[in-house]
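These notes concern the structure reproduced below.
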Amino acid sequence: MGTRAGMGRRSLPRCHLLVCDAGYDEAMAIEDMADAVERLKSGFNKFKTEVYDKKPELFEPLKAGQSPKYMVFACADSRVCPSVTLGLQPGEAFTVRNIAAMVPAYDKTKYSGIGSAIEYAVCALKVEVLVVIGHSCCGGIRALLSLQDGAPDNFHFVEDWVRIGFPAKVKVKKEHASVPFDDQCSILEKEAVNVSLENLKTYPFVKEGLANGTLRLVGGHYNFVSGEFHTWEIKS
């Protein structure tokens, strides 16, 4: 047997190796977490010095309140932040983000988080335009199109949520049955937006705003693969 100094790491007892590996992994995890937090801090510092401090005319009025023109529904996908892609400034849009930018139909007993946001935006903030934006390569839309009748869900919440867009799926499957799956997804990304826009009409305060002309419904689709953005308007 060689001396301790001459022993390689492989010669150490297995239990000792596990302890060392565990300690190393823990140290790396702590370092990674510190880097992640530091990224947030440095990001804010950059925003503070380059934007906040240089544009008092933008931020000073926001201290008294907000009066956004838009309410935007967008996907939670990290690649499609509407403030970035549409150049929206602080105070310009009241934003809700979720899986696939879905808007459920009016229901006082379910999805109150969405309902309360719509109610506050329309009744308190008096927004003028409700915008629902879908996007390319949407995982939520792929999940919706992949749902099989009677098959068990893979997630606790995702499948139940994307079923909000089920009418759009039925439409796409019926009208584009011969189209490849990926192309069906692209079509469904827009049709799901239309379902959400129609669902918005079921909210009494939205319906009232549409009737008296104080609200507009706009659909949008952002293709980050081709760098394109399209909009269309739904009439009441």
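Using the three backbone atoms N, Cα and C, a Cβ is placed for every residue, glycine included.
Feature annotations, reproduced from TrEMBL:
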BINDING   Cys75, Asp77, His135, Cys138  Zn(2+) binding site
Spatial neighbours of Cys138 (Zn(2+) binding site) that are distant in sequence (at least 6 apart) but have CB under 8 A: Cys75, Asp77, Ala100, Cys185, Glu189
Additional residues surrounding Zn(2+), by Cβ distance to the Cys75, Asp77, His135, Cys138 centre under 8 Å: Ala74, Ala76, Arg79, Val80, Ala100, Ala101, Gly134, Ser136, Cys137, Gly139, Gly140, Ile141, Glu189, Tyr222
Asp77 (Zn(2+) binding site) CB neighbourhood, other CB atoms within 10 A: 19
Other CB atoms within 10 A, centred on His135 (Zn(2+) binding site): 25
Number of Cβ atoms other than its own within 10 Å, given for Cys75 (Zn(2+) binding site): 24
